[in-house]
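Below is one structure, written out as C-alpha coordinates, with a few remarks after it.
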Amino acid sequence: MFEYDPVLYSRILTGITLAVHVIFATVGVGIPLMIALAEWMGIKRNDEHYRLLARRWARGFVITVAIGVVTGTAIGLQLSLLWPNFMQLAGHVISLPLFMETFAFFFEAIFLGIYLYTWDRFKKKIYHFLLLIPVAIGATASGFFISTVNSFMNAPRGFDIENGVLTNIRPLEAMFNPATPTKVAHVLSSAYLTSAFVLAAIAAFAILRGKDHVYHKKALHLTMTAAAVFAITTAVIGDFSGKYLAEYQPEKLAAAEWHFETSTEAPLILGGILKDDNEIKYALEIPYALSILAHGDPSAEVIGLEEFPEDELPPLIVHYFFDLMVGIGMFLALVAILYVLLAKIRKWNQLNKPILWAIIAGGPLSLLAIEMGWFFAELGRQPWLLVGYMTVDQGATTSQHVDLMIVLFVLLYIVLCTTCATVLRKMFINNPVEKELRDRGME
Ligand code: HEB
(Lines of atoms letter the chains of each structure in order from A; the text may use other names.)
(Lines give C-alpha, C1' and ligand atoms only; values in the text may rest on other atoms or scores of the structure.)
Protein backbone atom coordinates (compact mmCIF):
# COMPACT_ATOMS: atom_id res chain seq x y z
CA MET A 1 0.00 0.00 0.00
CA PHE A 2 2.73 2.44 1.02
CA GLU A 3 5.77 2.83 -1.08
CA TYR A 4 8.89 2.56 1.05
CA ASP A 5 10.41 5.98 1.49
CA PRO A 6 13.37 6.29 3.86
CA VAL A 7 12.88 10.06 4.21
CA LEU A 8 9.25 9.78 5.25
CA TYR A 9 9.94 6.87 7.59
CA SER A 10 12.92 8.64 9.13
CA ARG A 11 10.72 11.66 9.79
CA ILE A 12 8.03 9.51 11.37
CA LEU A 13 10.48 7.66 13.61
CA THR A 14 12.28 10.84 14.69
CA GLY A 15 8.94 12.57 15.23
CA ILE A 16 7.57 9.79 17.43
CA THR A 17 10.79 9.64 19.44
CA LEU A 18 10.80 13.39 19.99
CA ALA A 19 7.11 13.50 20.88
CA VAL A 20 7.71 10.92 23.62
CA HIS A 21 11.02 12.36 24.75
CA VAL A 22 9.78 15.94 25.04
CA ILE A 23 7.27 14.97 27.74
CA PHE A 24 9.99 13.51 29.95
CA ALA A 25 12.50 16.18 29.03
CA THR A 26 10.04 18.95 29.93
CA VAL A 27 9.20 17.64 33.38
CA GLY A 28 12.87 16.75 33.75
CA VAL A 29 13.81 20.39 33.33
CA GLY A 30 11.02 21.85 35.45
CA ILE A 31 10.47 19.53 38.39
CA PRO A 32 13.88 20.05 40.05
CA LEU A 33 12.99 23.72 40.36
CA MET A 34 9.66 22.83 41.99
CA ILE A 35 11.42 20.43 44.39
CA ALA A 36 13.87 23.19 45.25
CA LEU A 37 11.03 25.64 45.93
CA ALA A 38 9.29 23.15 48.20
CA GLU A 39 12.40 22.23 50.17
CA TRP A 40 13.36 25.90 50.51
CA MET A 41 9.91 26.74 51.88
CA GLY A 42 10.20 23.81 54.26
CA ILE A 43 13.47 25.10 55.64
CA LYS A 44 12.48 28.75 55.71
CA ARG A 45 9.17 28.17 57.48
CA ASN A 46 10.41 25.15 59.38
CA ASP A 47 7.46 23.26 57.94
CA GLU A 48 7.80 19.50 57.52
CA HIS A 49 4.90 19.39 55.07
CA TYR A 50 6.90 21.21 52.43
CA ARG A 51 9.89 18.96 53.02
CA LEU A 52 7.67 15.93 52.56
CA LEU A 53 6.43 17.47 49.32
CA ALA A 54 10.01 17.80 48.09
CA ARG A 55 10.71 14.24 49.15
CA ARG A 56 7.71 12.77 47.33
CA TRP A 57 8.24 14.84 44.18
CA ALA A 58 11.91 13.79 44.11
CA ARG A 59 10.94 10.13 44.30
CA GLY A 60 8.60 10.42 41.33
CA PHE A 61 11.09 12.57 39.47
CA VAL A 62 13.71 9.81 39.45
CA ILE A 63 11.40 7.52 37.48
CA THR A 64 10.76 10.14 34.79
CA VAL A 65 14.49 10.90 34.60
CA ALA A 66 15.19 7.22 33.92
CA ILE A 67 12.74 7.19 30.99
CA GLY A 68 14.10 10.51 29.73
CA VAL A 69 17.58 8.99 29.60
CA VAL A 70 16.41 6.10 27.41
CA THR A 71 14.40 8.24 24.98
CA GLY A 72 17.17 10.83 24.93
CA THR A 73 19.70 8.16 24.00
CA ALA A 74 17.32 6.99 21.26
CA ILE A 75 17.36 10.52 19.82
CA GLY A 76 21.14 10.64 19.90
CA LEU A 77 21.30 7.35 18.01
CA GLN A 78 18.65 8.35 15.52
CA LEU A 79 20.35 11.65 14.82
CA SER A 80 23.40 9.87 13.45
CA LEU A 81 21.66 6.81 11.99
CA LEU A 82 18.68 8.46 10.31
CA TRP A 83 20.19 11.84 9.47
CA PRO A 84 23.82 11.02 8.57
CA ASN A 85 24.22 13.88 6.08
CA PHE A 86 22.95 16.38 8.60
CA MET A 87 25.35 15.15 11.26
CA GLN A 88 28.20 15.18 8.80
CA LEU A 89 27.72 18.88 8.21
CA ALA A 90 26.26 20.06 11.50
CA GLY A 91 28.38 17.75 13.66
CA HIS A 92 31.44 19.84 12.91
CA VAL A 93 29.77 23.06 13.88
CA ILE A 94 27.31 22.28 16.66
CA SER A 95 28.96 19.40 18.54
CA LEU A 96 29.97 21.75 21.38
CA PRO A 97 26.47 22.13 22.89
CA LEU A 98 25.66 18.49 22.06
CA PHE A 99 28.59 17.42 24.23
CA MET A 100 27.76 19.99 26.86
CA GLU A 101 24.27 18.61 27.16
CA THR A 102 25.63 15.19 28.04
CA PHE A 103 28.00 16.80 30.50
CA ALA A 104 25.20 18.77 32.14
CA PHE A 105 23.21 15.59 32.46
CA PHE A 106 26.05 13.73 34.23
CA PHE A 107 26.48 16.68 36.57
CA GLU A 108 22.77 16.55 37.40
CA ALA A 109 22.68 12.75 37.80
CA ILE A 110 25.62 12.61 40.23
CA PHE A 111 24.14 15.18 42.58
CA LEU A 112 20.65 13.72 42.24
CA GLY A 113 22.03 10.41 43.50
CA ILE A 114 23.67 12.05 46.51
CA TYR A 115 20.57 14.16 47.18
CA LEU A 116 18.25 11.15 47.23
CA TYR A 117 20.36 9.22 49.72
CA THR A 118 21.04 12.01 52.17
CA TRP A 119 17.62 13.03 53.48
CA ASP A 120 17.87 13.51 57.26
CA ARG A 121 21.63 12.91 57.16
CA PHE A 122 22.72 16.47 57.79
CA LYS A 123 22.41 18.36 61.07
CA LYS A 124 21.78 21.52 59.12
CA LYS A 125 18.92 20.95 56.69
CA ILE A 126 20.22 23.63 54.38
CA TYR A 127 23.13 21.37 53.36
CA HIS A 128 20.73 18.89 51.89
CA PHE A 129 19.02 21.70 50.02
CA LEU A 130 22.37 22.86 48.64
CA LEU A 131 22.82 19.45 46.97
CA LEU A 132 19.72 20.18 44.93
CA ILE A 133 21.13 23.34 43.40
CA PRO A 134 23.49 21.49 41.02
CA VAL A 135 20.61 19.15 40.12
CA ALA A 136 18.39 22.07 39.13
CA ILE A 137 21.26 23.83 37.35
CA GLY A 138 22.19 20.65 35.48
CA ALA A 139 18.57 20.05 34.41
CA THR A 140 18.14 23.60 33.16
CA ALA A 141 21.58 23.57 31.52
CA SER A 142 20.72 20.44 29.48
CA GLY A 143 17.56 22.16 28.30
CA PHE A 144 19.60 25.23 27.47
CA PHE A 145 22.29 23.41 25.47
CA ILE A 146 19.97 21.19 23.47
CA SER A 147 17.71 24.14 22.61
CA THR A 148 20.70 25.95 21.14
CA VAL A 149 21.15 23.00 18.76
CA ASN A 150 17.54 23.36 17.65
CA SER A 151 18.08 27.11 17.29
CA PHE A 152 21.06 26.38 15.05
CA MET A 153 18.83 24.31 12.74
CA ASN A 154 16.54 27.32 12.42
CA ALA A 155 19.21 30.00 12.09
CA PRO A 156 22.51 28.35 11.09
CA ARG A 157 25.54 30.52 11.79
CA GLY A 158 29.20 30.08 12.64
CA PHE A 159 30.65 28.46 9.50
CA ASP A 160 31.43 29.19 5.86
CA ILE A 161 31.08 26.88 2.90
CA GLU A 162 33.73 27.37 0.21
CA ASN A 163 33.41 25.21 -2.91
CA GLY A 164 31.31 22.77 -0.96
CA VAL A 165 33.86 22.54 1.84
CA LEU A 166 33.10 23.58 5.40
CA THR A 167 35.60 26.16 6.64
CA ASN A 168 36.14 28.75 9.31
CA ILE A 169 34.06 27.06 12.00
CA ARG A 170 33.07 29.27 14.95
CA PRO A 171 31.31 27.03 17.50
CA LEU A 172 30.24 29.82 19.87
CA GLU A 173 28.68 31.82 17.07
CA ALA A 174 26.83 28.66 15.98
CA MET A 175 25.57 28.12 19.51
CA PHE A 176 24.55 31.71 20.15
CA ASN A 177 22.69 32.26 16.89
CA PRO A 178 19.77 34.68 16.40
CA ALA A 179 17.19 32.02 17.35
CA THR A 180 18.91 31.13 20.63
CA PRO A 181 17.62 33.82 23.06
CA THR A 182 13.89 33.40 22.41
CA LYS A 183 14.06 29.64 21.83
CA VAL A 184 15.98 28.89 25.01
CA ALA A 185 13.88 31.25 27.14
CA HIS A 186 10.56 29.96 25.77
CA VAL A 187 11.57 26.31 26.15
CA LEU A 188 12.75 26.77 29.76
CA SER A 189 9.85 28.96 30.83
CA SER A 190 7.25 26.62 29.30
CA ALA A 191 8.97 23.65 30.99
CA TYR A 192 8.68 25.34 34.40
CA LEU A 193 5.06 26.26 33.67
CA THR A 194 4.17 22.73 32.62
CA SER A 195 5.89 21.10 35.58
CA ALA A 196 4.11 23.43 37.98
CA PHE A 197 0.76 22.68 36.37
CA VAL A 198 1.25 18.91 36.30
CA LEU A 199 2.07 18.91 40.03
CA ALA A 200 -0.80 21.33 40.73
CA ALA A 201 -3.21 19.03 38.88
CA ILE A 202 -2.21 16.14 41.16
CA ALA A 203 -2.80 18.25 44.29
CA ALA A 204 -6.12 19.59 42.95
CA PHE A 205 -7.24 16.05 42.22
CA ALA A 206 -6.50 14.97 45.79
CA ILE A 207 -8.46 17.92 47.18
CA LEU A 208 -11.37 17.28 44.84
CA ARG A 209 -11.49 13.69 46.03
CA GLY A 210 -12.13 15.01 49.51
CA LYS A 211 -8.64 14.72 51.01
CA ASP A 212 -8.59 17.75 53.21
CA HIS A 213 -5.15 17.56 54.81
CA VAL A 214 -3.45 20.93 54.70
CA TYR A 215 -0.51 19.20 52.94
CA HIS A 216 -2.49 19.16 49.65
CA LYS A 217 -3.47 22.79 50.02
CA LYS A 218 0.13 23.80 50.56
CA ALA A 219 1.12 21.78 47.49
CA LEU A 220 -1.57 23.45 45.41
CA HIS A 221 -0.70 26.91 46.61
CA LEU A 222 3.00 26.56 45.92
CA THR A 223 2.55 25.07 42.45
CA MET A 224 -0.18 27.48 41.36
CA THR A 225 1.80 30.52 42.47
CA ALA A 226 4.75 29.28 40.42
CA ALA A 227 2.38 28.52 37.53
CA ALA A 228 1.03 32.09 37.56
CA VAL A 229 4.54 33.52 37.33
CA PHE A 230 5.65 31.17 34.54
CA ALA A 231 2.38 31.51 32.61
CA ILE A 232 3.10 35.21 32.33
CA THR A 233 6.79 34.81 31.45
CA THR A 234 5.94 32.12 28.86
CA ALA A 235 3.41 34.37 27.15
CA VAL A 236 5.73 37.39 27.19
CA ILE A 237 8.65 35.37 25.80
CA GLY A 238 6.28 33.75 23.27
CA ASP A 239 5.57 37.25 22.03
CA PHE A 240 9.33 37.78 21.57
CA SER A 241 9.49 34.45 19.71
CA GLY A 242 6.91 35.88 17.32
CA LYS A 243 9.14 38.91 16.77
CA TYR A 244 12.13 36.66 16.19
CA LEU A 245 10.17 34.74 13.54
CA ALA A 246 9.01 37.94 11.84
CA GLU A 247 12.63 38.98 11.41
CA TYR A 248 14.43 35.71 10.66
CA GLN A 249 11.83 33.10 9.60
CA PRO A 250 8.88 35.15 8.33
CA GLU A 251 7.57 32.19 6.30
CA LYS A 252 7.03 30.23 9.53
CA LEU A 253 5.01 33.03 11.10
CA ALA A 254 3.05 33.62 7.88
CA ALA A 255 2.21 29.91 7.67
CA ALA A 256 1.04 29.93 11.30
CA GLU A 257 -1.30 32.81 10.55
CA TRP A 258 -2.35 31.86 7.01
CA HIS A 259 -1.01 35.26 6.05
CA PHE A 260 -0.77 35.00 2.26
CA GLU A 261 -0.24 38.56 1.11
CA THR A 262 2.26 40.99 2.53
CA SER A 263 0.28 43.73 4.20
CA THR A 264 0.23 46.34 6.91
CA GLU A 265 -2.27 46.27 9.82
CA ALA A 266 -2.34 42.50 9.63
CA PRO A 267 -4.99 40.68 11.71
CA LEU A 268 -4.43 37.54 13.76
CA ILE A 269 -6.49 34.60 12.48
CA LEU A 270 -7.92 32.26 15.10
CA GLY A 271 -9.16 28.82 13.99
CA GLY A 272 -11.04 28.68 10.71
CA ILE A 273 -10.92 26.45 7.65
CA LEU A 274 -8.92 27.01 4.50
CA LYS A 275 -10.93 26.81 1.25
CA ASP A 276 -9.63 26.71 -2.32
CA ASP A 277 -7.93 29.92 -3.46
CA ASN A 278 -6.66 30.43 0.08
CA GLU A 279 -10.00 31.75 1.24
CA ILE A 280 -10.34 31.56 5.04
CA LYS A 281 -13.76 30.64 6.44
CA TYR A 282 -15.22 30.56 9.96
CA ALA A 283 -12.15 32.17 11.53
CA LEU A 284 -12.07 34.73 14.28
CA GLU A 285 -10.05 37.76 13.24
CA ILE A 286 -8.35 39.96 15.79
CA PRO A 287 -7.54 43.18 13.96
CA TYR A 288 -3.92 44.46 14.03
CA ALA A 289 -2.88 41.61 16.33
CA LEU A 290 -0.48 39.95 13.86
CA SER A 291 1.27 43.26 13.20
CA ILE A 292 1.62 43.68 16.95
CA LEU A 293 2.87 40.11 17.46
CA ALA A 294 5.38 40.49 14.62
CA HIS A 295 6.66 44.01 15.21
CA GLY A 296 4.96 45.48 18.27
CA ASP A 297 3.21 48.05 16.10
CA PRO A 298 -0.44 47.81 14.90
CA SER A 299 0.36 49.28 11.51
CA ALA A 300 3.58 47.37 10.80
CA GLU A 301 4.01 45.43 7.57
CA VAL A 302 3.99 41.65 7.86
CA ILE A 303 5.54 39.54 5.10
CA GLY A 304 3.14 37.08 3.46
CA LEU A 305 3.62 33.61 1.99
CA GLU A 306 3.42 35.02 -1.57
CA GLU A 307 7.03 36.19 -1.25
CA PHE A 308 8.45 32.69 -1.00
CA PRO A 309 8.95 30.06 -3.69
CA GLU A 310 6.23 27.40 -3.70
CA ASP A 311 8.64 24.61 -2.76
CA GLU A 312 9.91 26.45 0.32
CA LEU A 313 6.56 26.88 2.04
CA PRO A 314 5.90 25.17 5.39
CA PRO A 315 2.73 23.05 5.65
CA LEU A 316 -0.27 25.25 6.48
CA ILE A 317 -1.53 22.85 9.14
CA VAL A 318 0.89 24.53 11.59
CA HIS A 319 -1.81 27.18 11.97
CA TYR A 320 -3.81 24.82 14.18
CA PHE A 321 -0.77 23.83 16.25
CA PHE A 322 0.04 27.47 16.89
CA ASP A 323 -3.57 28.32 17.80
CA LEU A 324 -3.84 25.39 20.19
CA MET A 325 -0.60 26.33 21.92
CA VAL A 326 -1.58 29.98 22.29
CA GLY A 327 -5.16 29.06 23.31
CA ILE A 328 -3.91 26.72 26.02
CA GLY A 329 -1.38 29.33 27.10
CA MET A 330 -4.18 31.86 27.61
CA PHE A 331 -6.26 29.30 29.52
CA LEU A 332 -3.36 28.38 31.83
CA ALA A 333 -2.56 32.02 32.54
CA LEU A 334 -6.21 32.79 33.27
CA VAL A 335 -6.65 29.85 35.65
CA ALA A 336 -3.40 30.50 37.50
CA ILE A 337 -3.99 34.23 37.91
CA LEU A 338 -7.57 33.65 39.00
CA TYR A 339 -6.42 31.14 41.59
CA VAL A 340 -3.82 33.51 42.99
CA LEU A 341 -6.31 36.39 43.14
CA LEU A 342 -8.97 34.26 44.83
CA ALA A 343 -6.43 32.96 47.33
CA LYS A 344 -5.49 36.55 48.18
CA ILE A 345 -9.09 37.58 48.86
CA ARG A 346 -9.83 35.52 51.94
CA LYS A 347 -13.61 35.76 51.73
CA TRP A 348 -13.62 33.95 48.43
CA ASN A 349 -12.87 30.32 48.10
CA GLN A 350 -10.08 29.45 45.70
CA LEU A 351 -10.79 25.75 46.26
CA ASN A 352 -14.19 25.70 44.57
CA LYS A 353 -15.00 22.90 42.16
CA PRO A 354 -14.77 24.72 38.82
CA ILE A 355 -11.30 26.07 39.66
CA LEU A 356 -10.11 22.66 40.83
CA TRP A 357 -11.38 21.05 37.63
CA ALA A 358 -9.73 23.75 35.52
CA ILE A 359 -6.43 23.11 37.31
CA ILE A 360 -6.77 19.37 36.78
CA ALA A 361 -7.40 19.97 33.06
CA GLY A 362 -4.39 22.30 33.00
CA GLY A 363 -1.98 19.42 33.73
CA PRO A 364 -2.55 17.43 30.51
CA LEU A 365 -3.32 20.61 28.55
CA SER A 366 0.07 22.11 29.37
CA LEU A 367 1.73 18.93 28.08
CA LEU A 368 -0.36 19.23 24.93
CA ALA A 369 0.81 22.84 24.52
CA ILE A 370 4.42 21.61 24.71
CA GLU A 371 3.72 19.09 21.94
CA MET A 372 1.92 21.70 19.84
CA GLY A 373 4.73 24.21 20.32
CA TRP A 374 7.29 21.69 19.05
CA PHE A 375 5.06 20.50 16.20
CA PHE A 376 4.74 24.12 15.15
CA ALA A 377 8.45 24.87 15.49
CA GLU A 378 9.55 21.70 13.65
CA LEU A 379 6.94 21.43 10.88
CA GLY A 380 7.10 25.19 10.43
CA ARG A 381 10.77 24.77 9.51
CA GLN A 382 9.95 22.44 6.60
CA PRO A 383 11.19 21.77 3.98
CA TRP A 384 14.46 22.69 5.68
CA LEU A 385 16.50 20.61 8.05
CA LEU A 386 19.14 23.32 8.28
CA VAL A 387 17.44 26.47 7.06
CA GLY A 388 18.98 27.68 3.80
CA TYR A 389 21.58 24.88 3.61
CA MET A 390 20.01 21.44 3.68
CA THR A 391 16.49 20.18 3.16
CA VAL A 392 15.05 17.27 5.09
CA ASP A 393 15.22 15.08 1.95
CA GLN A 394 18.93 15.77 1.57
CA GLY A 395 19.68 15.00 5.20
CA ALA A 396 18.06 11.58 5.48
CA THR A 397 19.46 8.09 5.31
CA THR A 398 18.80 5.78 2.35
CA SER A 399 18.62 2.73 4.58
CA GLN A 400 15.98 0.17 3.68
CA HIS A 401 15.06 -0.86 7.22
CA VAL A 402 13.60 2.22 8.83
CA ASP A 403 10.07 0.74 8.76
CA LEU A 404 11.18 -2.16 10.96
CA MET A 405 12.90 0.29 13.29
CA ILE A 406 9.65 2.22 13.69
CA VAL A 407 7.87 -0.92 14.87
CA LEU A 408 10.65 -1.80 17.30
CA PHE A 409 10.99 1.69 18.76
CA VAL A 410 7.23 2.14 19.13
CA LEU A 411 7.13 -1.12 21.08
CA LEU A 412 9.97 0.18 23.27
CA TYR A 413 8.13 3.44 23.96
CA ILE A 414 4.91 1.62 24.82
CA VAL A 415 6.79 -0.57 27.29
CA LEU A 416 8.58 2.45 28.76
CA CYS A 417 5.45 4.56 29.17
CA THR A 418 3.39 1.77 30.73
CA THR A 419 6.25 0.89 33.07
CA CYS A 420 6.56 4.53 34.06
CA ALA A 421 2.83 4.86 34.72
CA THR A 422 2.67 1.59 36.67
CA VAL A 423 5.69 2.35 38.83
CA LEU A 424 4.49 5.87 39.61
CA ARG A 425 1.01 4.63 40.48
CA LYS A 426 2.34 1.84 42.71
CA MET A 427 4.80 4.16 44.35
CA PHE A 428 2.22 6.75 45.33
CA ILE A 429 -0.85 4.59 45.84
CA ASN A 430 0.92 2.10 48.10
CA ASN A 431 2.29 4.98 50.10
CA PRO A 432 -0.39 7.69 50.23
CA VAL A 433 0.42 11.06 51.76
CA GLU A 434 -1.84 10.43 54.74
CA LYS A 435 0.01 7.22 55.61
CA GLU A 436 3.41 8.83 55.21
CA LEU A 437 2.33 11.78 57.38
CA ARG A 438 1.21 9.36 60.08
CA ASP A 439 4.37 7.23 59.82
CA ARG A 440 6.48 10.32 60.26
CA GLY A 441 4.34 11.54 63.14
CA MET A 442 3.33 14.68 61.24
CA GLU A 443 -0.44 14.53 61.37
FE1 HEB B 1 4.95 28.80 22.41
C2 HEB B 1 7.25 27.63 20.07
C3 HEB B 1 4.67 31.79 20.66
C4 HEB B 1 2.55 29.86 24.68
C5 HEB B 1 5.43 25.86 24.31
N6 HEB B 1 5.79 29.55 20.68
C7 HEB B 1 6.69 28.90 19.88
C8 HEB B 1 6.99 29.74 18.76
C9 HEB B 1 6.28 30.91 18.93
C10 HEB B 1 5.54 30.79 20.15
C11 HEB B 1 6.27 32.11 18.00
C12 HEB B 1 7.92 29.37 17.57
C13 HEB B 1 9.35 29.74 17.89
C14 HEB B 1 10.30 29.27 16.85
O15 HEB B 1 9.97 28.45 15.98
O16 HEB B 1 11.47 29.71 16.91
N17 HEB B 1 3.82 30.53 22.64
C18 HEB B 1 3.87 31.63 21.83
C19 HEB B 1 2.95 32.62 22.34
C20 HEB B 1 2.38 32.09 23.47
C21 HEB B 1 2.93 30.76 23.65
C22 HEB B 1 2.72 33.97 21.73
C23 HEB B 1 1.43 32.82 24.41
C24 HEB B 1 0.18 32.29 24.72
N25 HEB B 1 4.12 27.99 24.17
C26 HEB B 1 3.14 28.59 24.90
C27 HEB B 1 2.79 27.70 25.98
C28 HEB B 1 3.60 26.58 25.89
C29 HEB B 1 4.44 26.78 24.73
C30 HEB B 1 1.73 28.00 27.02
C31 HEB B 1 3.67 25.37 26.75
C32 HEB B 1 3.23 25.20 27.95
N33 HEB B 1 6.13 27.02 22.21
C34 HEB B 1 6.21 26.01 23.15
C35 HEB B 1 7.24 25.08 22.72
C36 HEB B 1 7.76 25.58 21.50
C37 HEB B 1 7.04 26.82 21.21
C38 HEB B 1 7.67 23.84 23.48
C39 HEB B 1 8.89 24.95 20.64
C40 HEB B 1 10.21 25.53 21.01
C41 HEB B 1 10.45 26.88 20.43
O42 HEB B 1 10.52 27.85 21.17
O43 HEB B 1 10.54 26.98 19.20
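Glycine is no exception: its Cβ is also placed from the backbone N, Cα and C atoms.
If you check TrEMBL, you get these features:
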type: TRANSMEM; residues: 12-40; note: transmembrane segment
type: TRANSMEM; residues: 61-83; note: transmembrane segment
type: TRANSMEM; residues: 89-117; note: transmembrane segment
type: TRANSMEM; residues: 129-149; note: transmembrane segment
type: TRANSMEM; residues: 184-207; note: transmembrane segment
type: TRANSMEM; residues: 219-238; note: transmembrane segment
type: TRANSMEM; residues: 317-342; note: transmembrane segment
type: TRANSMEM; residues: 354-377; note: transmembrane segment
type: TRANSMEM; residues: 404-424; note: transmembrane segment
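Count of Cβ pairs under 8 Å against the transmembrane segment (61-83): among 89-117, 354-377, 404-424, the largest is for 404-424. If you look at the transmembrane segment (12-40), the same-chain residues 6 or more away from its ends with a CB under 8 A from one of its CBs are 50-51, 53-54, 57-58, 61, 64-65, 67-68, 71-72, 74-75, 78, 82-83, 108, 128-129, 132-133, 135-136, 139-140, 142-143, 146, 187-188, 190-196, 198-199, 219, 222-223, 226, 367, 370-371, 374, 378, 402, 405-406, 409-410, 413, 416-417.
Long-range neighbours of the transmembrane segment (354-377) within the same chain, counting only residues 6 or more positions beyond its ends whose Cβ lies under 8 Å from a Cβ of the stretch, are 18-19, 22-23, 26, 150, 154, 183, 186, 190-191, 193-194, 197-198, 200-202, 204-205, 207-208, 220, 224, 227, 256, 318, 321-322, 324-325, 328-329, 331-332, 335-336, 338-339, 342. Taking Cβ pairs closer than 8 Å, the transmembrane segment (129-149) reaches residues 25, 28-29, 31-33, 35-36, 39-40, 43, 94, 97-98, 100-101, 104-109, 111-112, 114-115, 118, 175-177, 180, 183-184, 187-188, 191 in its own chain, all 6 or more past its ends.
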